[in-house]
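Taken verbatim from Swiss-Prot:
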| type | residues | note |
| --- | --- | --- |
| TRANSMEM | 22-42 | transmembrane segment |
| TRANSMEM | 47-67 | transmembrane segment |
| TRANSMEM | 101-121 | transmembrane segment |
| TRANSMEM | 129-149 | transmembrane segment |
| TRANSMEM | 153-173 | transmembrane segment |
| TRANSMEM | 186-206 | transmembrane segment |
| TRANSMEM | 235-255 | transmembrane segment |
| TRANSMEM | 256-276 | transmembrane segment |
| TRANSMEM | 286-306 | transmembrane segment |
Amino acid sequence: MRSKKMINEKLKMWWETARPKTLPLALASIFTGSALGYWANPQGFNGLVMVLCLLTTILLQVLSNFANDYGDHQKGSDTEERIGPLRGIQKGAISAKELKWGLILMVMASFLSGSFLIGIAYENLSDLFAFAGLGILAIVAAITYTVGVKPYGYMGLGDISVLVFFGLLGVGGTYYLQTHSIDSHIILPAIGSGLLASAVLNINNLRDIEQDAKAGKNTLAVRLGAYKGRVYHCILLSVAALCYLAFAVATAISWTNYLFVLAMPLLAKHAIFVYCSQQPSELRPILAQMSMISLLINILFSLGLLIG
């Protein structure tokens, strides 16, 4: 019984380290990219490609979360003073060596899933080499956010990375794998999705702003300061909403293209709360909320395309 309880506790720690509340970010961009692909080419839509895109992106997200905890632990950034939840490695439930092996396992799983995806979806050698390169870049980016001599997350570049990988590549890459074409219109929802994902990261950074500043982790929130960081958050949300709206106006055939507007009151309420917050601790429950709002907007946007 004791052994079973220990195993369950260990699995629980690994589950917490995977940060399931961040996984909607992985789903959102793939749903949107897949819906755009179906909208543009319903006859050529490949369900297996969509499933593999989802799997690969989830694995990359978990890899990034493992790497984040490992890197912050190695640099002493995650202390008991942090407002966010304590991770398995902070509690001593997972050792640095175990987490490193977890990282290696996730690299292998991401690589295998991505390779299978490319093998199924590519049409020519250019596609093969381009997406192989992007896949390797995604793995490297997931690790070097906090791991390495000069992790870019410590230089305030995390927001740009999230915009690229959860927006331009997540949406645009999925769309291309479904249609094997490029449409300039998709840049709008791709940017919108990326900005919403960046808003999730910004909430995390605003919450941990004091501890990050002490540890020398110069996130964009640390560089801007608390007030400007909250203003920046509202700008992210406003521009994201405008991107989805601009796409709907430019391409709308049916009123259903505006379904995502149903989530705008939630987005506005969230923005007001963040802007009016005075203490980082107030933002602790808001990260999961922002993640779910992002997923909801992308689901409604995707649904509008599919039934329009």
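Our numbering is plain: 1 for the first residue shown, then up by one each step along the chain.
Positions of Cβ are set from backbone N, Cα and C atoms, glycine also.
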If one takes Cβ-Cβ under 8 Å and requires six or more residues beyond its ends, the residues near the transmembrane segment (47-67) are 17-19, 22-23, 25-27, 29-30, 33-34, 99, 102-103, 106-107, 109-110, 113-114, 116-117, 120-121, 135, 138-139, 142-147, 165, 170, 173-174, 177-178
For the transmembrane segment (286-306), could you work out the same-chain residues 6 or more beyond its ends whose Cβ comes under 8 Å from its Cβ atoms? 21-22, 24-25, 27-29, 31-32, 34-36, 38-39, 84, 189, 192-193, 196-197, 199-200, 203-204, 207, 240, 244, 248, 254, 256-260, 262-263, 266-267, 270, 273-274
With a Cβ cut-off under 8 Å, give me the same-chain residues at least six positions beyond the ends of the transmembrane segment (129-149) that come close to it. 56, 60-61, 63-64, 67-68, 70-72, 74-75, 77, 103, 107, 110-111, 114-115, 118, 121-122, 158, 161, 165, 169, 173, 177
Could you check if the transmembrane segment (22-42) is in contact with the transmembrane segment (256-276), meaning 3+ Cβ pairs under 8 Å among residue pairs at least 6 apart in sequence? no
For the transmembrane segment (153-173), name the stretch out of 101-121, 186-206, 256-276 with the most CB-CB pairs under 8 Å. 186-206
Go through the chain and flag residues at least 6 beyond the ends of the transmembrane segment (256-276) whose CB is under 8 A from any CB in it; none is fine as an answer. 203, 206, 230-231, 233-234, 237-238, 241, 244-245, 247-248, 283, 286, 289-290, 293, 296-298, 300-301, 303-305, 307-308
